[in-house]
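Asker: Okay, here's the structure, questions in a sec.
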Amino acid sequence: MTRIKAACLIGWPAAHSRSPMIHHYWLRTLGIEGGYAIESVPPEGFGEFVLHLSTHGYLGANVTIPHKERALLLTEPDARARAVGAANTLWYDGETLRSTNTDIEGFLNNLDACAPGWDGIDEALVLGAGGSSRAVVFGLIERGIKRIHLANRTLDRAQAVADQFNADVVPTAWQDLAAVLPRAKLLVNTTSLGMKGQPALEVDIGLLPTDAAVADLVYVPLETPLLAAARARGLATADGLGMLLHQAVRGFELWFGTRPSVTPELRALIEADLAPA
């Protein structure tokens, strides 16, 4: 009997994820016989689970908190995963388990869809210095952005991220945002500020250029106060749900051999599921 092709999400916890809904939508609409499951694996069991991933019946996996850094050490990472210091997508290349970080692709492709031509800019401002920030900074460097201001309330953390990259990444103190905003043609929030249950992100959108674009990685709520303020000014915006959908594309392609599309129907499906949140 032929085993159905399947992938999974490995996390701790992982039950809240919308990834199964996304991948099952693509499997159904593309007519592919396959599956996508959630595997709640504690940190102490992660190594053994990943090393025997195929034995568990999987041809690949997504990895979420708290396992992304550990996944890097247990696989053969590509340049993107190494640069970001974390892997979120695993797949088999023959007998070799490889890994990448699709947050970069998700961020870039979402911006391309929401603000075409955005990458013709010289300067960008990124808020936050966590793992998502590293993915965003790497993506901006890939697109040739000449100067990236990286702001964080703890300046040492911004400096640590800047030190990872041989590029013009400028650590910026939070209190100096007002001086940088007028030059930034792209503002990206990678912090949890503005997320449901978190304090609002207090940034004066009015200081941005009139042709700037604003991206927020938060997707609960879908329209954060930051994005609402940007839209009120007529700026191009990109929300966190778009990035979530676009980052899932590459994994599906690696596992099932077909590149899916992020459609309005898929977005509406996930939006409806997010609505109670």
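A Cβ is built for glycine as well, from the same backbone N, Cα and C atoms used for every other residue.
Fair warning: this is a prediction, and the values are worked out from it, not measured in the lab.
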Asker: Besides GLY128, ALA129, GLY130, GLY131, SER132, ASN152, ARG153, THR154, LEU155, ASP156, ARG157, GLY240, which of LEU181, LEU186, LEU217, LEU266 does Swiss-Prot list for that NADP(+) site?
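Answerer: Record source Swiss-Prot; matching candidate: LEU217.
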Asker: According to Swiss-Prot, SER17, ARG18, SER19, THR64, ASN88, TYR219 bind shikimate; identify which of ASP103, ASP112, ASP119 is listed for that same site.
Answerer: ASP103
Asker: Helix, strand or coil at ARG157 (NADP(+) binding site), per DSSP?
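Answerer: Reduced to three states, the DSSP call for ARG157 (NADP(+) binding site) is helix.
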Asker: Run through LYS68, GLY128, GLY130, SER132, ARG153 for me and report the recorded positions whose CA is within 10 Å of the CA of ASN88 (shikimate binding site), in sequence order.
Answerer: LYS68
Asker: Relative to the mean position of the Cβ atoms of SER17, ARG18, SER19, THR64, ASN88, ASP103, TYR219, the recorded shikimate site, which additional same-chain residues have Cβ within 8 Å?
Answerer: LEU9, ASN62, LEU244, GLN247, ALA248
